[in-house]
Amino acid sequence: MDIKACYQNAQALLEGHFLLSSGFHSNYYLQSAKVLEDPKLAEQLALELAKQIQEAHLNIECVCSPAIGGILAGYELARALGVRFIFTERVDNTMTLRRGFEVKKNEKILVCEDIITTGKSAMECAKVLEEKGAQIVAFGALANRGICKRAHSHLKAQEGACLPSHLPLFALEDFVFDMHKPSSCPLCATSVAIKPGSRGN
């Protein structure tokens, strides 16, 4: 499956000057919500991702996503894997498990995002689950922006990667775009970064 074509066809590969939820600026933005608004395509992508995970022979009992961006991807992945799904969300800027969701002691959980940039949100989600006794066994995403090391990719982890090196990150593709710290962003000379993502919006 050509993941880049899926994003392009859904008009979900945006070009401009963007402020990512990680804090970096970039000339490209992946709007996964546009891809996932098609239920059949969402199912196909999740099945492809589930195949990678199943081939690794991991014991996964639950998928958890940080709201809002990861919810659709996580739910479809959980359905493809045949396990339950829960999500964490921010309350007063602190990631929290609410809505009656519970985790069992040593429950094996995969944390799923739509896009992984630095993995900061995924790690906030993982920390909440670990504090409640769960065991994080892997991370997943539809796409990886190339900062974190993806399983089966030749690319190495880059500066700013937050995910632990001993746990696998499963994603369908690496999307490697230029990213800049706000203090050294060349795009800021001609335009103001816009924030199309879900954190804070």
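Along the chain as shown, residues are numbered 1 onward.
Note: Cβ is positioned from N, Cα and C throughout, glycine not excepted.
DSSP gives Ser121 (5-phospho-alpha-D-ribose 1-diphosphate binding site) a helix state. Per Swiss-Prot, 5-phospho-alpha-D-ribose 1-diphosphate binding site is recorded for Glu113, Asp114, Ile115, Ile116, Thr117, Thr118, Gly119, Lys120, Ser121.
As annotated by Swiss-Prot, orotate binding site applies to Thr117, Arg145. In sequence order, Leu20, Ser21, Ser22, Phe24, Arg145, Ile147, Cys148, Met179 are the residues of the chain that are 6 or more apart from Thr117 (5-phospho-alpha-D-ribose 1-diphosphate binding site) and have a CB within less than 8 Å of its CB.
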Residues within 8 Å of the Glu113, Asp114, Ile115, Ile116, Thr117, Thr118, Gly119, Lys120, Ser121 Cβ centre (excluding the 5-phospho-alpha-D-ribose 1-diphosphate site residues themselves): Ser21, Ser22, Ala122, Ala141, Arg145, Cys148
Glu113 (5-phospho-alpha-D-ribose 1-diphosphate binding site) CB neighbourhood, other CB atoms within 10 A: 26
